Amino acid sequence: MFQIGEALMGQGSELAHVDLMIGDKGGPVGQAFANGLTQLSAGHTPLLSVIRPNLPPKPSTLIIPKVTVKNMDQAARIFGPAQSAVAKAVADSVEEGVIPKDQVEDLVIVASVFIHPEAQDYNKIYRYNYGATKLAIKRALEGFPDIDTVLEESNKSTHAIMGFKVTRLWDPPYLQIAFDNPNLEFVLSAISEIPKSDHVIIEAGTPLIKRYGTDVISKIRQVRPDAFIVADLKTLDTGNLEARMVADAAGDAIVVSALAPISTIDKLIEEAHKTGIYAVMDTLNQQDPISVLKQLKVMPDVIELHRGIDIEGTEHAWGNIGEIKKIAPKALVAVAGGVRLDKVPVALSQGADILVVGRAITNAKDVREMAEQFINSLNKPEIDQFRVMTDF
């Protein structure tokens, strides 16, 4: 057996975070147990868990402090409430049948325990570490989380200490608001008026990028830290370099023109994926986007069917969205140019995943009100809006 579990519990400086391994004495966990007990490290000295002095639990459990212990006050928090809490959690796990009683002499546990240097309340240290250890053991032996849970939750989750959410596009449809006005003061003011929504994307439009460069992404992020920000560079050359520039500026997606050489598009997509951002292919003025897609080594994450500002008054169809999705089934399809409120149902019915709207929102007398109308037209609830959340 070689099982791994993790759990976080509590709040404030007494917060407990436990990572543990449980496995056979003769296996890798047993080897780690023996190494930890015999190879001491200053500030991270391992110790056996005990319910009280002279009463260790079964399976035998080794505690390793995560945070460097610098003085005896800090040591007392480990050699005391945390040591006892971990041991009692192990014993109770056996009593409750989580750990099979007939295997306690065959197994060992190695638990890495976090104790904040400023933790003071021994009662909370005990209770939080007891709960976290017990939960980590249960999760380890149940194989929690399974891969389906990981994939479902990974796009919803925000790390509590990180303090901001990294948005991914997994729950379409979305409203992408394009800011082409090169007046930065106006753009930032308008962005601050946009309602917070899991289904809103912010686009730094081409004129804005041309005037301020990719540094404008950081300016936008100061106003909307959690936003998914698209940098509309309409790249035509040096695809890998421009993708890296957007990634370095903390953007979420870069736009490449479908008119660019195939090698440029390929390099941009490759670099975007390497750096963890999305690659968007804009089909503006490209008469045969299907042909372009068929020549690519890897599909872009988003394919934008686009007519330009200068031709929005002409008769237009967004093209065969269904055919594009057959060629690139995992890609999202965005529609841009002439998207107004009365066109939203049509675009969605044709299979559009992203509606790109510019002046219909950004030039409105009431930006917030108009944005709300578009958001409501998506008819999409917020992610986990009705979920009562603890850890899961």
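Each Cβ is built from the backbone N, Cα and C atoms, and glycine gets one as well.
The feature region 'Formaldehyde-activating enzyme' is assigned by Swiss-Prot to 1-161, with sequence analysis given as support. For the region 'Formaldehyde-activating enzyme' (1-161), the model's average pLDDT works out to 92.
Feature annotation from Swiss-Prot assigns active site, proton donor to His17. Sequence-distant neighbours of His17 (active site, proton donor) (same chain, 6+ residues apart, CB-CB distance under 8 A): Glu6, Ala7, Leu8, Met9, Lys66, Val113, Phe114, Ala132.
Annotation source Swiss-Prot lists substrate binding site at Asp19, Leu48, Lys66, Thr68, Gln83. Secondary structure from DSSP puts Gln83 (substrate binding site) in a helix. The Cβ of Gln83 (substrate binding site) lies under 8 Å from the Cβ of Leu47, Ser49, Val50, Ile63, each on the same chain and at least six residues away in sequence.
Residues or ranges marked as region '3-hexulose-6-phosphate synthase' by Swiss-Prot: 162-392.
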Listed in sequence order, residues with CB under 8 A of Asp19 (substrate binding site) and six or more positions away: Ile4, Gly5, Glu6, Lys66, Ala111, Ser112, Ala136
DSSP state at Thr68 (substrate binding site), helix/strand/coil: coil
